[in-house]
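To start, the structure itself, in structure tokens.
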2 protein chains.
Amino acid sequence: MILLSGGLDSATVLAIAKDKGFEPHAISFRYGQRHDVELDAARRVAAANNVDRHVIAEIDLRVFGGSALTADLDVPHHASVDDLDDGGIPITYVPARNTIFLSFALAWAETLGASDVFIGVNALDYSGYPDCRPEYIAAYEQMANLATKAGVEGTQRLKIHTPLINLTKAETIAKGLALGVDYSLTHSCYDPTVSGQACRTCDSCLLRRRGFAELGMTDPALGVASRRP
Amino acid sequence: MILLSGGLDSATVLAIAKDKGFEPHAISFRYGQRHDVELDAARRVAAANNVDRHVIAEIDLRVFGGSALTADLDVPHHASVDDLDDGGIPITYVPARNTIFLSFALAWAETLGASDVFIGVNALDYSGYPDCRPEYIAAYEQMANLATKAGVEGTQRLKIHTPLINLTKAETIAKGLALGVDYSLTHSCYDPTVSGQACRTCDSCLLRRRGFAELGMTDPALGVASRRP
């Protein structure tokens, strides 16, 4: 069970899961994002990887507000990656988002009898997001194993895999390239143009660009209008 | 933050929270139930209690299937409460439902700055549901406090209140009646008729009826078409 946003990280996670011999199912969310570009990217990435099944779950986090990604707040832009805020929790943080996403993955995993959930959280680049930290993931796993039939019956322990949690963006990209990930299919921008172009100046664009730059490369998705499948 | 299904238990929980001095917000879910009767009941109960705000969150658990409440499986019916299965997990169990519901409550609580979530789980009548047990709730609370801004910053600990967890149905009803709950507004049936009448023979109807019977009463919602607001 892969949480697939359509971004660079989850595309890499999908490749890692396949490389480990899993037959992946992918789940994406329409959660009141201000744009659908990332779901288009998720569909492209799922199709390119022949996932067994790709489900897009409809949820609506807009009823709660509270984040620049779902409410009418401005996504911050910066001239360079050196201007990123290091302290505090970014305004792009969506309250309890990973908790909700993992809970849907848990429901589907239980229905299918699957025991492995993969999520592309990262504790380095996103240290400001509480739900990207290893201690959070460990607590979630413990809770999940008390929440389900299989956990109660002791027949199957759920494992949450976080293969990127301690990698820099450049290390993630290097790993993905080694596994054949086509990053031109992915989309990570928080604030794309109407035509689906990455903005180049939000936190996510800047972190991606730096990652590719550290490998002496140009981000293949930056500045190019998102490809349609 | 009250998880309000419109059933007997959550209506009682709402009354308890008000009695403790909380100013309740209520959240209900359209989660692919086979009928809308319980959301009508949730609206009636919320209105009768003047809750600050009542949100109905749209989620779709049908994409995963796996439960008689959301899929095309038959809800079991029994002639009497003595015929209820004691062992195992009922077919009406919805995979990870409470985990998903609590995660939405967590998101809204974080957005509002609320720190108290009330849920009407019960470990006696629903011992077969893994996500109604005290150890599950404790693990959820621990996870939630690692998932949120307030948890990370140490400014506010989230508390999950489960005031009914060790009560029999009769004890729950007695408590609710003492607090003035109008149980004729509630709806608990898993398999209502098209016109909204309780079936009288599903697990939920039978447990309610026995609870009222133990108090020498008739269930005011049984056999009566659901009242519209």
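Glycine residues also receive a Cβ, built from the backbone N, Cα and C atoms like all the rest.
Just so you know, TrEMBL annotations never went through curation; they're auto-generated.
Among the candidates B:CYS132, B:CYS189, the residue that TrEMBL annotates alongside B:CYS199, B:CYS202, B:CYS205 as binding Zn(2+) is B:CYS189. The secondary structure of B:LEU4 (ATP binding site), as reduced to three states from DSSP, is coil rather than helix or strand. Taking the centre of the Cβ atoms of B:LEU4, B:SER5, B:GLY6, B:GLY7, B:LEU8, B:ASP9, B:SER10, B:ALA11, B:THR12, B:VAL13, B:LEU14 as the ATP site, the nearby residues of that chain (Cβ within 8 Å, site residues left out) are B:ALA42, B:VAL45, B:GLY120, B:THR186. Taking the binding-site residues B:LEU14, B:CYS199, B:CYS205 in turn, the residue surrounded by the fewest other Cβ atoms inside 10 Å of its Cβ turns out to be B:CYS199.
Taking the C-alpha atom of B:LEU4 (ATP binding site) as reference, the shortest distance to any of the binding-site residues B:CYS189, B:CYS199, B:CYS202, B:CYS205 belongs to B:CYS189.
For B:THR12 (ATP binding site), the same-chain residues 6+ apart in sequence whose C-beta sits under 8 angstroms from its C-beta are B:GLY120, B:PRO163, B:LEU164, B:THR172, B:ILE173, B:LYS175, B:GLY176, B:LEU179, B:VAL181.
Mapped onto three states, the DSSP output places B:SER10 (ATP binding site) in helix. Of the listed binding-site residues, namely B:LEU4, B:LEU8, B:CYS202, the sparsest CB environment within 10 A is found at B:CYS202.
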